[in-house]
Amino acid sequence: MIFSTLEHLLTHISFSVVSIGITIHLITLLVDEIKGLYDSSEKGMIVTVFCLTGLLITRWIYSRHFPLSDLYESLIFLSWSFSIIHRILYFKNHQNHLSTITASSAIFTQGFATSGFLTKLHQSGILVPALQVQWLMMHVSMMVLGYAALLCGSLLSTALLVITFRKVIRIFGKSNNFLNGNESFCFGKIQYMNEKSNVLLNTYFLSARNYYRYQVIQQLDRWSYRIISLGFLFLTIGILSGAVWANEAWGSYWNWDPKETWAFITWTIFGIYLHTRTNTNFEGVNSAIVASLGFLIIWVCYFGVNLLGIGLHSYGSFN
Amino acid sequence: MATVNPVRTPNPSLVRTHCLKTPILHSTFNPQVHTLFNKRITLSFTISSKLKASQDVRKKKENVSRKIVLSDSSPPPLKNDEVSTKVESRGGVIGLVKRLPRRVLSVLSNLPLAIGEMAAIAALMALGTVIEQGEAPDFYFEKYPEDNPVLGFFTWRWILTLGFDHMFSSPIFLGLLVLMGLSLMSCTYTTQIPLVKVARRWNFLHSAEAIRKQEFSDTLPRASIQDLGVILMGAGYEVFLKGPSLYAFKGLVGRFAPIGVHLAMLLIMAGGTLSATGSFRGSVTVPQGLNFVIGDVLGPTGFLSTPTDAFSTEVHVNKFYMDYYDSGEVKQFHTDLSLFDLGGKEVLRKTISVNDPLRYGGITIYQTDWSFSALQILKNDEGPFNLAMAPLKVNGDKKLFGTFLPVGDVNSPNVKGISMLARDLQSIVIYDQEGKFAGVRRPNSKLPIDIDSTKIVIVDAIGSTGLDLKTDPGVPIVYAGFGALMLTTCISYLSHAQIWALQDGTSVIVGGKTNRAKAEFPDDMNRLLDQVPELVESSLSSQSDSISG
């Protein structure tokens, strides 16, 4: 009883704190930076991290198994991962709009987890025999961490796409000689710049504001690449540890189970993303498109398969 | 090298859209592949040029590209080697034959092709989860009828012709996997290994101009290059110092790791192929107390499957039991197994459970299922009798078993009796002749139940264990591949950073680049450069002495 009250309390604190935090983030994004507000939202995120950690630990203690056995628990873990990634980003790179994306991801998953839609799943159930092993901890935590990192990275890429395409539309909306006139000016210069070939580059040097925008795009690009690489690493470890586990429990390391297959599809898509990064012609917008596609596929993999409740991974289905 | 493309295009948006289309539409590939390929021959490319896919524009901008390639520290000797070998190989018919593998390699190692293959594999896998797998043809006739096709064209003909009813073993899917494997090999051979050769050559940059052209560059006034070297060494860099020039690098292993990733993938594919062609599989349901011979259960899966001596081993099920939660739900299944060789000697005994299989002589026995075999009862203190339990069909996953004990005249046309139902081995629900509920008894409780002066004691509930057996020679190879893949993927996260510096009078010009951690690199560099001590006047003179001397 005490545990469920505690859990209830922690869930609601974390949700409200993260929603206040995101509001403050949006305010700082729209209005120019207000130092005090920004700091308070960061403090809010710290509180969220602690609340979610407390929530997971509470659940661990009273259900006596690692809290990742169904969809609700994995959603809480997902929002915990988002807030951890948020903290890491914050440490690496102070005062950054990137953190808005991680914070808002945290609020959405947390909101969904605590919404009435999943109320039935809130009571922690028992573990089916196949889940009673340490592999659960390794496999599921790695998968969810991987999903969290990949979702963050692909959201950054989506942000890049939004910014870029708004820019491109504006450029092409203007007259053509606007572009041509700058090309000759820029070309001499560009040869000495060891930057990526980007049509946008030409125009970004026009004014300080455009240069700032170019920098934001570059930052988004580089950080999304870095976070997706990290997520890919987690996903690889998660899939492979799952395969080893399946060889112990189900009799084969690969069963073409729908969830397995979709995890592999996700892995392939982000593999494509990483390959597009090795070629400078695909870098930037093209790789961002791939990453945004990956965003959808992660959701199919994470939710869609559970929604249908098919295959061997039907532990966390809606029923 | 790979990350920096020096080629500038006059109209990059055109190239961009072109590249965008190719990975998605597989059919539009071939023309592009050919043009790429022709240009490659006529221009006799350098290794560095192979790394880039924008050959369409290379011709026009070759002067620019060469200029920047040089500044990019591409070593000229390597370039000449490559050109000379190409010239040699261009000699008549023999040359053509010699060139053919090279042509195939260059097509296969093409990046857009590889991306297309990956996308196609991903799409087929997605399709494989959407279309129901392994059903009878009638199912597809009904689900995908010709008069009402899905999306206007997709009917059962497509599914059955292309083998999409068994997607993951269909020729198209397997063919794509083979193609992917070939691409992996050729890419490793033609692109990755030369790339590492280039990356391994460490070279100094002697002009301040070249250093300033790096992605990151800075000038430190009143600093000494030796101090910088010491600080870089402290940060984990390998530092080389020659006169006024410094070259330092870190994380070179991150350049090697992608090769390892590809090799690990190939290893997994090889192991998977061996698994598919050289395995035995089988499953059996054995009542507690009975035996079976392993070889009778196992069936081969492919042409490489060869039985071993261990197949003659006899397995005896000593005991099958379940653990329960307090709420009554099943916690775990256990089967106590003994293995006997041909001579009847016990070679191994183990209690297996889900997640804890038995392994003997390459054979693995898994606990996967269970069933209710028989109910042992005493009827009016006679017996014990074994009543066979039959599985009853109910909706949902929960199992239900039942048996029937006739009472009175067995030969009469409407025989009546006592029915007993059970969901698990824990409790038996008993109904009397009229079908009315009579009571619940646990096996082993020895508590009799009296139904119309028939005394029944439930002595024991005998379960049967559902076992899966397999041999899989591919597992060690696949596991080796898994280990290698995890390790190399981790290492691939490391970024290869290179730093050049030049002592220019009292100031030091520093430039550097990295292949992956481009976001963090400038911050890391600034932090390191902040540590470089500023020289005061007195030591400055000695500094310049040491450099000149």
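Cβ coordinates come from backbone N, Cα and C, glycine included.
In TrEMBL this protein carries:
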type	residues	note
DOMAIN	A:68-313	domain 'Cytochrome c assembly protein'
TRANSMEM	A:12-32	transmembrane segment
TRANSMEM	A:44-62	transmembrane segment
TRANSMEM	A:74-91	transmembrane segment
TRANSMEM	A:98-118	transmembrane segment
TRANSMEM	A:138-165	transmembrane segment
TRANSMEM	A:223-246	transmembrane segment
TRANSMEM	A:261-276	transmembrane segment
TRANSMEM	A:288-312	transmembrane segment
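Within its own chain, the transmembrane segment (A:74-91) is flanked in space by residues 11, 14, 18, 42, 45-46, 48-49, 52-53, 55-56, 59, 67-68, 98-99, 102-103, 105-107, 109-110, 112-113, 118, 140-141, 144-145, 147-149, 151-152, 223, 227, 316, which lie at least six positions past its ends and keep a Cβ under 8 Å from the stretch. For the transmembrane segment (A:261-276), the list of distant contacts is 143, 150, 228-229, 231-232, 235-236, 238-239, 242, 282-283, 286-287, 290-291, 293-294, 297-298, 300-301, 304-305: same-chain residues at least six beyond its ends, Cβ to Cβ under 8 Å. Within the chain carrying the transmembrane segment (A:223-246), a Cβ under 8 angstroms from the stretch's Cβ atoms is held by residues 85, 89, 93, 98, 133, 135, 138-140, 142-143, 145-154, 156-157, 160, 252-255, 260, 263-264, 266-267, 270-271, 273-274, 277, 287-288, 291, 294, all 6 or more beyond its ends.
Summed and averaged per residue, pLDDT over the domain 'Cytochrome c assembly protein' (A:68-313) gives 74.
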